Amino acid sequence: MSQTHFGFQQVDEREKAGKVAGVFHSVASKYDVMNDLMSGGMHRLWKMFTIAQAAVRPGYKVLDIAGGTGDLAKAFARQAGPTGEVWLTDINESMLRVGRDRLLDAGVLTPTCLCDAEHIPFPNAYFDVVTVAFGLRNMTHKDRALAEMRRVVKPGGKVMVLEFSKVWQPLEKAYDVYSFKVLPWLGSKVAGDAESYRYLAESIRMHPDQETLKQMMEQAGLDSVEYFNLTAGVVALHVGRRL
């Protein structure tokens, strides 16, 4: 029976998806507020950088995986315009519902899909850009998900992974205090849920570092993989291409 990690716990692979789903069902309604508090608003700048690097043009087809509350999909839909096609997807129904409603409130009409990134329900070589922001670390089989992203992106297209990463070494101790003391406290006070935010902190520590993720993307068949460290490596944006 194969094991994987759920935060710092070892669990059966078949259990992880359900446990992660429970976390995001719990945090969905407060997700944006908590992101602002946790990052001091920096998550908006990280996403803006990702949007700029994506360089979506009118007519592009874009897939946003684990798109959550729709920040990236909203920007991409406006850039792709009426001739483009932007899909907001998430494996979690609660998160997808929040994202869909926020897009509608912003006047953005774009399709949504309940989607497991390890089994993407789209044809080969369909999208110009595929993005996943703060979602890859929660996936049970990251290698399968990356291979699926590579499968559905067109030759010449980009696969982009925005994710928490390995912070600059001199900041590690302070970052640990923030992650394991302050973050669960914020989760308790603002969202009434310390445990979910403790899991989020643990999942960040268990996620591959910058070089390891680069190698995983290359092993998935992506070329010219590069990464950009943001905020001293708290977050990294990895970009790979299908040639």
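Cβ from N, Cα, C; glycine included.
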Residue from Thr69, Thr83, Thr110 that Swiss-Prot also lists as binding S-adenosyl-L-methionine with Asp90, Asp116, Ala117:
Thr69
Fewest other C-beta atoms within 10 angstroms, as judged across Thr69, Asp90, Asp116, which are the binding-site residues
Asp116
Using a Cβ cut-off under 8 Å and a sequence separation of 6 or more, which residues in the same chain sit near Ala117 (S-adenosyl-L-methionine binding site)?
Ile65, Ala66, Thr89, Ile91, Val132, Gly135, Leu136, Met139, Ala145, Glu148, Met149
